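Asker: Please find one structure pasted underneath; my questions will follow.
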Amino acid sequence: METLRGIVVLIHLVGFAVLFGAWVVEWVNGKRGITRLMNWGLAIAGAAGLVLAAPWGIEYDLNYAKIGTKLVILIVIGALLGIGAGRQRKTGSVPAAIFWSIGILTLANAAIAVLWR
Ligand code: HEM
């Protein structure tokens, strides 16, 4: 059970890496757009996160305030990805505030995961 949970955490981290990595690529190459990889990363992190939100394979209590906060932030990131992609389709670019919020909120969720004990 513990090993299985470890594998789901690994999948969760892959989702984070895909989402944040795809965002960093767009930042560094100067396009600052929204790509399909970001949606994939969010879906993978979200699905694995929900599985991890249930108390199995652990001997300690889960911090549900922390998990709830992460879920809210994930939903906001999803909304921003949707709105930003719509704007990108119509105008060819994503508003800077939306692009930056996606990266910062993704990093914030990872920070909450690691720092909030
Ligand atoms: C963009 C969204 C997210 C990012 C970047 C993210 C990031 C992370 C990271 C880096 C860890 C590992 C921390 C550690 O092991 O100390 C983690 C663990 C965890 N995440 Fe997320 N997360 C996200 C969304 C979610 C969501 C939506 C949920 C639940 C609804 C969730 C639930 C959890 C749980 C329960 C763990 C602890 C796993 C364990 O130690 O058993 N995460 N997350």
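Note that Cβ sites are derived from N, Cα and C of the backbone, with glycine treated the same way.
What you see is a predicted model, and the numbers here were worked out from it, not measured in a lab.
The transmembrane segment annotation in TrEMBL covers 6-25, 37-58, 64-85, 97-116.
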Asker: Applying the under-8 angstroms CB criterion, which one of 6-25, 37-58, 64-85 scores highest with the transmembrane segment (97-116)?
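Answerer: Maximum Cβ contact count belongs to 64-85.
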Asker: Do any residues, 6 or more residues outside the transmembrane segment (6-25), come within under 8 Å Cβ-to-Cβ of it, and if so which ones?
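Answerer: Same-chain residues near the transmembrane segment (6-25) but 6 or more away: 35, 37-38, 40-49, 51-52, 77, 102-103, 106-107, 109-110.
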Asker: For the transmembrane segment (64-85), give me same-chain residues lying six or more residues beyond its boundaries with a C-beta closer than 8 angstroms to one of its C-beta atoms, as numbers and ranges.
Answerer: 19, 34, 38-39, 42, 45-46, 49, 53, 94-95, 98-99, 101-102, 105-106, 108-109, 112-113, 116
